[in-house]
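S.K.: Can you read through this structure? Questions will come right after.
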């Protein structure tokens with residue numbers, strides 16, 4: 001008889017109920033809990049899976065390039081980036097009638113196509129690609145790279161090629177490889193590509209393999225580099241009337257510090273970007289060589305941490321014991337990585353629209369909206385995941401003996417103070433923000449809008465002024481013509497910055513008022529509450545006053561009976577589960593704010609946001625309802641249009657979201673009864689009863705039902721907003 005699923009758990013494989021399938025799927029990636037797992041095999045499996053991950057990523061990016069080259073309109077878009085709509089790929093759908101075929105035939109295509117809102121066209125254009133041939137070449141290169149990584153993953157699972165445990169735990173060598181090898185050298189390579197290919201292309205000079213070694217990126221070649229006259233590389237930058245992609249107005253500089261945006265493309269100067277990557281490369285290549293690897297010189301991370309004791313001894317033993325705790329816990333490392341990557345992803349969202357790096361992307365409004373929203377949602381999931389693995393670390397990997405009186409132990413010791421302070425901050429923000437909104441609603445409802453409480457964000461405006469925004473009249477630092485910072489900025493560094501920050505047509509330091517003040521605090525409420533739930537979940541994961549032995553129950557347990565006063569909803573998993581709802585709601589507010597602020601900016605009616613954002617009805621009526629009108633009437637008895645698919649997705653997203661509640665608001669017993677009734681009916685129905693199943697059907701566990709509910713809630717929520725965002729933006733701006 002063939003071995004039953006799951007092979008990794010004999011106990012589960014022998015379970016006679018459908019629980020075997022669901023628990024098997026749920027624990028498939030929890031390698032630590034599998035039969036016959038050793039620490040070494042655990043590390044080897046994860047290491048090999050990284051190659052698989054890279055394979056999938058390169059295959060996906062290769063597919064993007066291939067489909068645009070095959071079915072897109074890249075060459076036509078390059079001729080007129082502001083008016084040609086970029087095509088992602090063709091659509092073949094047997095359900096399309098003639099009206100649909102006509103509605104989706106756009107961008108100069110011969111049949112129905114999807115428009116690209118990912119920004120890849122702008123990116124490829126900026127980095128020097130110009131023809132479909134370029135795209136095909138890139139696709140084939142990435143496909144080969146993908147195959148290479150797939151082979152590497154397989155290879156590192158073979159007996160002679162499996163790294164040992166000591167190799168995985170060598171922190172200094174890993175830092176050397178990651179900082180210098182991956183970050184440093186790749187940044188240097190990218191700076192090289194920008195200087196040798198992208199910048200010449202932006203000046204009308206076509207550099208490809210055949211002339212790469214003969215075309216000088218700078219007229220003086222390497223002579224200024226070796227003679228130490230590096231400033232020569234910054235002289236003669238592109239002029240403000242440079243026509244991107246041509247020699248008109250082009251300069252010869254390759255590494256500059258201009259600041260601001262290229263007037264025509266509304267994106268950062270390519271020479272500034274190249275300079276940035278070169279600087280990053282230098283910093284990281286040096287950083288990666290500071291640690292002790294083969295030669296007995298440089299820092300030892302363990303020694304640094306052991307020596308790091310706070311002065312005066314009042315803060316305990318500092319970082320003693322942390323090295324082994326972190327180095328022996330994959331969950332701790334993953335938690336740190338997710339937290340860092342989550343923050344970086346959110347920063348990417350903020351910087352992609354305020355400091356656009358790709359030519360013409362700032363004028364592609366739907367793409368700007370899609371990229372901002374996408375990166376904020378990704379950041380939310382990464383950040384919540386960080387706390388989930390932090391909690392698992394405390395349950396599975398934390399050793400109190402190893403960490404006596406160090407920073408970790410002290411966090412646990414004063415967790416009540418941390419949790420109660422977060423709770424206080426959340427309550428304060430919530431009641432005051434809601435109170436202001438509701439007061440303003442009441443005033444508008446009673447016909448006295450002048451009695452609203454409107455608070456100017458003076459501190460934030462002052463910070464904007466210090467960075468050079470003159471509108472508020474603060475006359476401080478960069479907004480003061482008398483300050484040394486202002487004078488240096490005119491010549492020494494970033495001369496283009498002040499023009500950019502005071503130009504109202506971009507998204508740099510947007511003008512803010514009372515509506516921004518309120519929504520800022522609403523978002524702060526969401527962030528603090530999400531953090532409260534996550535921090536409490538992690539700090540209470542080992543035990544709490546109510547349930548001191550919680551760690552014995554593991555990461556996710558539904559209840560521990562009535563004996564302790566009813567300990568349901570108390571596991572670390574439950575905290576994560578609750579936090580994800582808060583995370584999604586908070587990002588909802590963040591994206592609503594960003595999107596509404598920007599559509600009024602792009603349409604030239606910022607007064608609508610300023611006037612309507614100070615009360616809740618304004619948000620509901622003038623943002624959500626007004627912008628969903630095209631979706632609510634997306635297709636009707638009189639026909640359809642190119643927004644119909646988004647209207648359908650808007651409905652479908654609501655449906656998926658609502659299905660989530662079916663799993664969230666119910667009791668397990670109800671489902672078990674229902675399932676047994678259905679099984680009974682099935683067994684007594686002719687023909688149907690010829691089909692039998694081996695496993696006895698049982699209801700999902702409480703935790704599993706919550707997971708399924710949460711998954712539907714999240715997916716439906718994101719689908720709904722994605723359809724709303726893309727349709728309302730593309731419907732207005734084409």
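Even glycines carry a Cβ here, placed using N, Cα and C.
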S.K.: Of the residue ranges 330-353, 450-473, 474-497, 546-569, which one carries the transmembrane segment annotation in Swiss-Prot?
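M.R.: Here Swiss-Prot associates transmembrane segment with the stretch 330-353.
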S.K.: With Swiss-Prot as the source, which of 87-110, 111-134, 135-158 is set down as transmembrane segment?
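M.R.: That would be 135-158, the stretch labelled transmembrane segment in Swiss-Prot.
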S.K.: Tell me which of 46-69, 214-237 corresponds to the transmembrane segment entry in Swiss-Prot.
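M.R.: In Swiss-Prot, residues 46-69 carry the label transmembrane segment.
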S.K.: So which range, 245-266, 575-596, 597-618, gets flagged transmembrane segment in Swiss-Prot?
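M.R.: In Swiss-Prot, residues 575-596 carry the label transmembrane segment.
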S.K.: Which Cβ among the binding-site residues (670, 671) has the fewest C-beta neighbours inside 10 Å?
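M.R.: Counting other Cβ atoms within 10 Å of each of the binding-site residues 670, 671 gives the minimum at 670.
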S.K.: Around residue 559 ([4Fe-4S] cluster binding site), how many other C-beta atoms are within 10 angstroms of its C-beta?
M.R.: 15
S.K.: Including all protein chains shown, what's the count of other C-beta atoms within 10 A of the C-beta of residue 654 (chlorophyll a B1 binding site)?
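M.R.: There are 15 of them.
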S.K.: Could you say whether, by DSSP, residue 559 ([4Fe-4S] cluster binding site) belongs to a helix, a strand or a coil region?
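M.R.: Reduced to three states, the DSSP call for residue 559 ([4Fe-4S] cluster binding site) is coil.
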S.K.: Give me the CA-CA distance between residue 568 ([4Fe-4S] cluster binding site) and residue 662 (chlorophyll a B3 binding site), in Å, as a whole number.
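M.R.: Cα-Cα, rounded: 20 Å.
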S.K.: With the transmembrane segment (707-727) as the reference, find which of 46-69, 175-199, 417-439, 643-665 contributes the most Cβ pairs under 8 Å.
M.R.: 643-665
S.K.: Please list residues from the chain of residue 662 (chlorophyll a B3 binding site) whose Cβ is under 8 angstroms from its Cβ, counting only those at least six apart in sequence.
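M.R.: Listed in sequence order, they are 709.
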S.K.: Does the chain bring the transmembrane segment (417-439) near the transmembrane segment (517-535), so that three or more CB pairs sit under 8 Å (pairs 6 or more apart in sequence)?
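M.R.: These two stretches do touch.
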